[in-house]
């Protein structure tokens, strides 16, 4: 049975770490924090690194990581979210000071799989090229669209903003959507299309797109309704039961229960599958829901197909990457207030019903991933060239940033 193995415990922030993001084209990992800094870590892959096996042997050589720069951002409060643009030369930050910062690398040196080298002493230089204003309260999440042409942000002010990226670091706001009734916690772009999902304290998920008239707007509001199903773990998965169960009784029963949904719950996290067919959401009561897209048109609706027990506290973060079973929809990683990191295998089902089905099963878990602290963010390394596949990073309330991989037992 696969297990989650610690690769690196990186130099931590001086306050809670909120978000981690791997660069899509270069060996870099970014993190952000309440200390108002962004940290950049480089990694060097082993020369015998194998990309074809999603679960390497436990004794396989590990990547080497190091802190290469700490960027003292110009934000006045917590930096809550960080996101790379495709190409990896632009970085966006969302802050509780209600602004979004856009950073570009200047006088950059060569970047290769051996690590990072810059213009001065191996250090890269990053410049804040623009600060986007407009939100009235804390910004909670930021992200670039798949082609990098759009940037979205969300806020406690209940709004979702979409900005068009133009030459010379110019950004034009093309939409402000106020369709949520409360704090917007998270946004997630579709991996292939200009479709945007947002999660909110109002217990809804909004799905938005650019309609045929050229106007951005809401085309579907998802309301979670399915009760949580018990999570059953095979008797042979001793390590998995030990990592996910809280009591001997649970271990004996091989079941971990999330209480049935009795009232609306905050939706904390979102992640699209690499194929774009599924959307995963994480709720305040710790469950994970899967939604399936019913077609390939931009306005194809999504339907809820699974709600599984998962975490003992809120599911704060989700990240979906390729890998796992050949016939699967990729590996989904989750993290939450219970301190656990869990990796799931998702598979699509074919059948005669109107709504396609799916299965989700845990394949590995790590309890107390950040000690007694909440795990606030989780991110797979999904580089365009496939290098470094299988690396997983997390950020915690303890300020630390960790890198993991799933290995064969």
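A Cβ is built for glycine as well, from the same backbone N, Cα and C atoms used for every other residue.
According to TrEMBL, the feature repeat 'WD' maps to 10-42 (among others). Secondary structure of the repeat 'WD' (10-42) per DSSP, as helix, strand and coil residue counts: 0 helix, 19 strand, 14 coil.
Positions annotated as repeat 'WD' by TrEMBL: 72-104 (among others). Beyond the ends of the repeat 'WD' (72-104), by six or more residues, the same chain brings 16, 18-26, 28, 30-34, 36-38, 126-133, 135-144, 146-148, 151, 153, 155, 157, 165, 169, 171, 384 to within a C-beta distance below 8 angstroms of the stretch.
Per TrEMBL, repeat 'WD' is recorded for 132-166 (among others). Same-chain residues lying 6 or more positions outside the repeat 'WD' (132-166) and placing a CB less than 8 Å from one of its CB atoms are 77-78, 80-87, 90, 92-102, 172-194, 196, 198, 200, 206, 208, 216.
As annotated by TrEMBL, repeat 'WD' applies to 267-291 (among others). Across the repeat 'WD' (267-291), DSSP assigns 0 helix, 16 strand, 9 coil.
Within its own chain, the repeat 'WD' (391-409) is flanked in space by residues 1-20, 22, 29, 31, 33, 35, 39, 41, 43, 54-58, 60, 62-63, 65, 239, 319, 331, 333, 335, 341, 343, 363-364, 366, 369-371, 373-381, which lie at least six positions past its ends and keep a Cβ under 8 Å from the stretch. Annotation source TrEMBL lists repeat 'WD' at 391-409 (among others).
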